[in-house]
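What Swiss-Prot says about this protein:
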type	residues	note
ACT_SITE	E210	active site, proton donor
BINDING	D47, E88, E140	substrate binding site
DISULFID	C150-C165	disulfide bond
Amino acid sequence: MEKRGVIDTWIDKHRSIYTAATRHAFVVSIRDGSVDLSSFRTWLGQDYLFVRRFVPFVASVLIRACKDSGESSDMEVVLGGIASLNDEIEWFKREGSKWDVDFSTVVPQRANQEYGRFLEDLMSSEVKYPVIMTAFWAIEAVYQESFAHCLEDGNKTPVELTGACHRWGNDGFKQYCSSVKNIAERCLENASGEVLGEAEDVLVRVLELEVAFWEMSRGGQ
């Protein structure tokens with residue numbers, strides 16, 4: 001039986017908010033085909049802005065992986081993530097044209113602004129490497145699990161949205177998330193009690209921010 005790590009224990013402990021983030025009503029509406037396409041357009045515009053703020057965060061993760069990890073493979077995993085973000089931004093631009101979303105006119109809503117400030121806080125040199133890697137995994141994993149759900153057997157995902165679902169729900173991205181999780185777990189194994197507490201708090205905060213982001217896409221703030 002595979003050994004369960006610290007992150008799995010935390011997910012069990014905070015199962016309610018984890019489920020709220022990975023099986024949100026917005027995601028479920030995509031899977032069952034009832035999604036309001038205006039909500040999808042809102043999500044598209046807001047997520048494009050988020051990704052542009054996510055890039056410098058991942059760049060900071062790369063620097064920390066080079067300086068603080070002690071494992072050269074960490075840098076390679078994060079570098080792969082940065083490379084994929086360039087393609088992701090181009091994908092958003094194509095989708096924006098397809099859905100008539102002019103990103104230059106999109107204003108970040110409150111949930112997006114709060115998430116952006118959270119990312120900036122994580123970029124502080126005061127934040128410990130295990131905490132950063134836990135947050136990095138959680139941010140990526142929520143999208144992977146959410147959009148993979150939209151591709152599972154029995155889905156009624158609208159054909160025009162399958163591209164978005166495949167972008168984050170594919171097996172390659174799942175493997176990437178697993179690699180990031182392994183890094184986080186390795187770091188957490190030897191972390192102090194204080195750092196473990198900070199990492200758990202950050203994990204929960206990511207999940208809360210993800211729920212708020214989905215809510216925003218459905219018409220909230």
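In case you wondered, yes, glycine gets a Cβ from its N, Cα and C as well.
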Query: How long is the line from the C-alpha of C165 (disulfide bond) to the C-alpha of E140 (substrate binding site), rounded to the nearest angstrom?
result: 14
Field: Other C-beta atoms that fall within 10 angstroms of the C-beta of E140 (substrate binding site)
entry: 21
Task: By CA-CA distance, flag whichever of E88, E140, C150 among the recorded positions is nearest to the residue listed as 'active site, proton donor'.
output: E140
- line: Counting other CB atoms within 10 Å of each candidate's CB, the least crowded of the disulfide-bonded residues C150, C165 is C165
Query: By a simple count, how many Cβ atoms lie within 10 Å of the Cβ of D47 (substrate binding site), its own Cβ left out?
result: 20
- line: Neighbouring CB atoms within 10 angstroms of the CB of E88 (substrate binding site), all protein chains considered, total 18
Query: Taking DSSP three-state, what's E88 (substrate binding site) in: helix, strand or coil?
result: helix
- prompt: Roughly how many Å separate the Cα of E140 (substrate binding site) from that of C150 (disulfide bond), to the nearest whole number?
  reply: 16
- line: Around the recorded substrate site (D47, E88, E140), other residues with Cβ within 8 Å of the Cβ centre, ordered by sequence, are F50, V51, F54, L85, Y143, R167, W168
Query: Taking just the CA atoms, what is the gap between E88 (substrate binding site) and C150 (disulfide bond) in Å?
result: 19
Task: Give me the Cα-Cα distance between D47 (substrate binding site) and C150 (disulfide bond), rounded to a whole Å.
output: 18
- prompt: Quick one: what's DSSP say for C150 (disulfide bond), helix, strand or coil?
  reply: coil
- prompt: Where does E140 (substrate binding site) sit in the DSSP three-state scheme?
  reply: helix
Task: Work out the three-state DSSP category of the residue listed as 'active site, proton donor'.
output: helix
